[in-house]
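Have a look at the structure below before the remarks.
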Amino acid sequence: MNPVLVVYLTVTLSVLNQIGLKGSKVLMALYALHFGAGPIAIGVLAATYACVPLLVAVYAGRVSDRVGVRPPMIMGSFGMGLGLAIPLLYPALPALYLGAAILGTSNIFFHVATHNLVGAMGDKQARTKNFSTFSLGSSISGFLGPVLVGWQIDNAGYANALALLAGIVLIPGALLCVYGRLVPPRGAGAKEHAAGGVKDLLANGALRNTLITSGLILTGIDLFNFYMPIHGRAIGLTASFIGIVIGMQAAAAFIVRLALPSLARRFTEKRVLTYCLLMAGLTYFLFPLLQQPVLLATVSFILGLALGCGQPLSIILTYNYSPPGRAGEALGMRLTVNKFIQIVVPLVFGSMGAAFGVFPIFWSNAALLLAGGWLNTLYDKRRQIDLADQAAAAQSESGRPPAAEDPPA
């Protein structure tokens, strides 16, 4: 099958899946507020999405490496439908927590499998373009999910919004069951699974640094999705406009991802990722200071330019730094780090929000993003020094001075 066609088909299925996930996070937060939940309860709800995935993400990567991508994609699709059906059938706060846990766990299997498949479709140069295309689909779902949910809640209620999302997330699983050849069992460029443990992955300094950076970026995205509704409700915004503000972030991500291959060629993936962290950190400081809807939407757009570029870059670098035959496992490890941060940060920030409001939540995350950008800069400088030392040592062993040029013939 044509690799380009495989990428576009995978992106289409992923868009449907991610509309359900990203829409559900806004829906669950607003529904919890409807039931009278406070900032701590919202923080626990946000963390619930990540609790079980934290434990199974690496396993999900191994599954996609060993048995292929179709089974985890099908299981993930139907599992997400179940997660949305639970609060639909039992509209109560406990059902939201159970549904969130099932949604997060099911999405991990779908998510890792699609990343593994897209990464295997081509060489390193094609991989940047493929993940850029994949991330465009993520931007589309990030815009459509919150906007659809906000509009549906205001016009038809929470139950209909849940039913709409459940119907959408079941489509990929149904299509793969009926038309299994829509995607290959595994990527054409995929290697046989290689042995090794988690410690081997974490011993890779470049991979380890990328995993931490990825966690910071995803934390920035998720905290915004969960706490922007609280801030919006506090200043009197409707669910529809809250969805639009969040959707502006995704719209900006779509635009910047069109230019991602060019940016990566000009500045390298690592440097662009560092700039994204610094830009996102500065933007996060502004949110709690703003109450005008237009200004909130504008700053959300700017944040989307930073985080929208950073997320696919972290995926590309994770795949590039992974050992041969263990790309799915490395991507699963990336999600394990992400989920750990997603659990700790909402719980800590939720307690902080209950005591001091949303201001410290946004500002603490701004500090984390800025610190990540600064540490990335230091790591890059140290890595360049190490590479230069290695090159000098290699030249010395060959009997030539490090800076000398070969004499003309």
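Just so you know, glycine gets a Cβ as well, placed from its N, Cα and C.
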Range among 310-329, 390-409 that TrEMBL annotates as region 'Disordered': 390-409
Best-contacting stretch, by C-beta pairs under 8 Å, relative to the transmembrane segment (33-60) and drawn from 72-90, 96-118, 130-151, 234-260, 272-290: 96-118
Chain residues in Cβ proximity to the transmembrane segment (234-260) (below 8 Å; excluding those fewer than six residues from its ends, i.e. six or more beyond): 22, 26, 30, 128, 132, 135-136, 138-144, 146-151, 153-154, 221, 224-225, 228, 272, 291, 293, 296-298, 300-305, 307-309, 311-313, 358
Leading stretch by Cβ pairs under 8 Å, where the reference is the transmembrane segment (272-290) and the options are 72-90, 130-151, 157-179, 209-228: 209-228
Intrachain residues whose Cβ lies under 8 Å of the transmembrane segment (130-151), provided they are six or more past its termini: 3, 7-8, 10-12, 14-24, 26-27, 30, 114-115, 118-119, 121-122, 161, 164-165, 225, 238-244, 246-251, 253-254, 257-258, 260-261, 308, 311-312, 315-316, 319
Positions whose Cβ lies under 8 angstroms from the transmembrane segment (157-179), at least six residues beyond its ends: 13-14, 16-17, 19-21, 23-24, 27, 30-31, 34, 70, 73-78, 80-81, 84-85, 87-88, 91, 110, 145, 148-149
Residues of the parent chain within Cβ reach of the transmembrane segment (209-228), under 8 Å, 6 or more residues beyond its termini: 22, 25-26, 29, 42-43, 45-46, 49, 146, 242, 245-246, 249, 273, 276-277, 280, 284, 287, 300, 303, 307, 310-311, 314-315, 317-318, 321, 333-334, 337-338, 340-342, 345-346, 349, 353, 358, 361-362, 365, 368-369, 372, 376, 379
